[in-house]
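Taken from TrEMBL, the feature domain 'Major facilitator superfamily (MFS) profile' applies to 23-466. Marked as transmembrane segment by TrEMBL: 12-36, 71-92, 104-125, 131-152, 164-182, 194-215, 280-301, 316-338, 345-367, 373-400, 412-435, 441-462.
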Amino acid sequence: HIKLTRLPLCSFQDWSVSLVVASFSGAFGSSFLYGYNLSVVNAPSMFIKKFYNETWERRYNHTMEEETLTILWTITVSIFAIGGLVGALIVTPAVKFFGRKFTLLLNNVFAVVAALLMAFSPLAGSFEMLIIGRFVMGIDAGISLSALPMYLSEISPKEIRGSLGQITAIFICVGVFAGQVLGLPEIFGKESMWPYLFGIIIVPSVIQVVILPFLPESPRYLLLEKHDTKAAEKAFQAFFGKSDVTCEIEDVLAESRVQRNVQMATILQLLRNRSVRWQIITIVITMACYQLCGLNAIWFYTNSIFGGAGVDQATIPYITLSTGGTEIVAAVFSGLVIERLGRRPLLIGGFGLMVAFFVVLTVSMTLQNRAGWIPYLSIFCILAIIASFCIGPGGIPFVLTGEFFQQSQRPAAFMIAGIVNWLSNFAVGLLFPYIQVCTGTYCFLVFAVVCAAGATYLFIVLPETKNKTLLEINQAFAKRNKVPVEVSCFNFSNRMCIFSFKNWQT
């Protein structure tokens with residue numbers, strides 16, 4: 001192995017207007033809708049179940065059995081994750097054929113169709129339309145949670161790659177909060193208005209369709225996959241806010257020389273590739289922990305904990321807004337400090353703090369009725385767990401997936417990450433009720449173990465990726481992957497030295 005001294009490449013300090021507009025419009029029509037659809041079914045659940053009952057009685061002249069209603073409601077909630085899995089499976093061919101930006105644009109078709117199906121289901125007297133709409137909305141989310149981080153990672157300078165990548169997590173949190181706010185009784189959280197909660201999904205999609213076409217495609221996609229140097233140069237100029245982008249183009253071309261004659265990797269080829277083996281393992285474990293770390297359990301217990309603290313039942317929906325607000329503040333904080341502190345401390349520290357607060361929450365829930373102040377300790381732990389999640393585990397897994405892999409591998413890598421994400425999401429929805437019945441409040445210890453295992457693995461394996469190029473990140477994994485390093489130097493005005501791997505595709 002050869003130790004190389006890293007020479008400075010290019011420095012970018014400011015966010016260009018195009019970069020800001022692309023990231024915000026892209027996230028508003030993508031990750032915002034994912035977060036919104038996570039929370040939007042909570043407030044009107046009672047009215048939706050009543051709609052199911054009335055529809056059933058009108059069709060079959062008898063009321064629906066409680067068991068049937070429970071099954072239908074479980075399907076309504078969980079089918080979103082099944083749709084997400086389908087979306088994750090089709091994202092790779094989509095981004096290859098249409099590109100990153102146009103995949104995001106075309107994905108709005110799913111969002112609009114889903115919104116219309118769900119909003120008009122009461123008018124049509126068909127609860128099947130609502131269920132199908134949730135499935136279609138899941139497809140939209142599955143595509144967007146892979147295509148958006150891919151797009152953001154390819155349009156951002158490496159100096160702010162982490163901060164820009166956190167836009168995905170921030171807008172997920174904003175979407176969750178928006179679902180909570182719009183679900184209040186004063187807005188759409190009443191029987192006559194709940195269909196509007198689903199119809200409003202069209203608004204972010206329309207905004208994205210109006211704005212995003214005027215912004216460039218990913219310059220890396222244009223240069224490495226479309227071989228359109230002129231269009232790539234214009235895209236770099238727009239996103240980086242400067243006219244001389246020779247350095248950026250040369251950096252990307254250096255990667256192209258390293259991987260020349262390499263076709264776009266399939267999932268099977270990526271899994272067989274020794275040079276990225278530990279990168280894949282790291283992404284799989286991080287994504288699994290992202291879903292299995294217990295946030296769903298927190299949402300399940302929120303109302304009962306607030307009630308135990310003496311909060312009036314009618315007031316709980318308003319107090320619950322504090323959880324959404326905490327998410328947003330923590331995610332924004334993470335975006336502001338990620339380029340200063342790095343990915344490792346935030347990710348490992350986030351999981352570590354969750355372990356500590358899960359343990360305290362287990363104790364406080366067990367002793368809930370022993371003293372008047374204990375329920376307030378439980379409320380504090382809930383908010384602390386949410387904040388700990390959003391500081392690191394809530395967004396950084398998406399950033400790492402974009403940073404670990406070269407251009408030809410990135411679509412397949414995001415597909416793997418998406419599959420793990422949505423399978424874990426579905427598993428939580430399926431298994432959590434049984435875990436809760438079997439363990440009660442001790443279920444939090446199960447999630448503490450998951451977080452502790454994730455933090456331990458990442459502490460041992462994960463290198464810091466802040467301000468590092470793809471080749472530098474791959475060098476950090478080279479010893480663990482048991483791949484020899486080969487040095488290839490290119491004279492880009494004496495600015496850089498590129499290292500590559502023998503048997504890059506094996």
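Just so you know, glycine gets a Cβ as well, placed from its N, Cα and C.
Automatic, uncurated: that is what TrEMBL annotation is.
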Report, as numbers and ranges, every residue of the chain located at least six residues beyond the transmembrane segment (104-125) whose Cβ falls under 8 Å of a Cβ in that stretch; write 'none' if there are none.
26, 29-30, 33, 51, 55, 58, 87, 94, 98, 132-134, 136-137, 139-140, 143-144, 147-148, 151, 195-196, 198-202, 204-206, 208-209, 212-213
Excluding the flanking five residues on each side, which residues at least 6 beyond the ends of the transmembrane segment (441-462) place their CB within less than 8 Å of a CB in that stretch?
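For the transmembrane segment (441-462), the sequence-distant neighbours (Cβ-Cβ under 8 Å, at least 6 residues beyond its ends) are 278, 281-282, 285-286, 289, 292-294, 297, 343-344, 347-348, 351-352, 354-355, 358-359, 361-362, 365-366, 393, 400, 432, 435, 480.
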Short question: most Cβ pairs under 8 Å with the transmembrane segment (12-36), which of 71-92, 164-182, 316-338, 345-367, 373-400?
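Highest pair count goes to 164-182.
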Six or more residues out from either end of the transmembrane segment (345-367), which same-chain residues have a Cβ under 8 Å from its Cβ atoms?
286, 289, 293-294, 301, 305, 334, 337-338, 374-375, 377-378, 381-382, 384-385, 388-389, 391-394, 396-397, 441-442, 444-445, 447-448, 451-452, 454-455, 458-459, 462
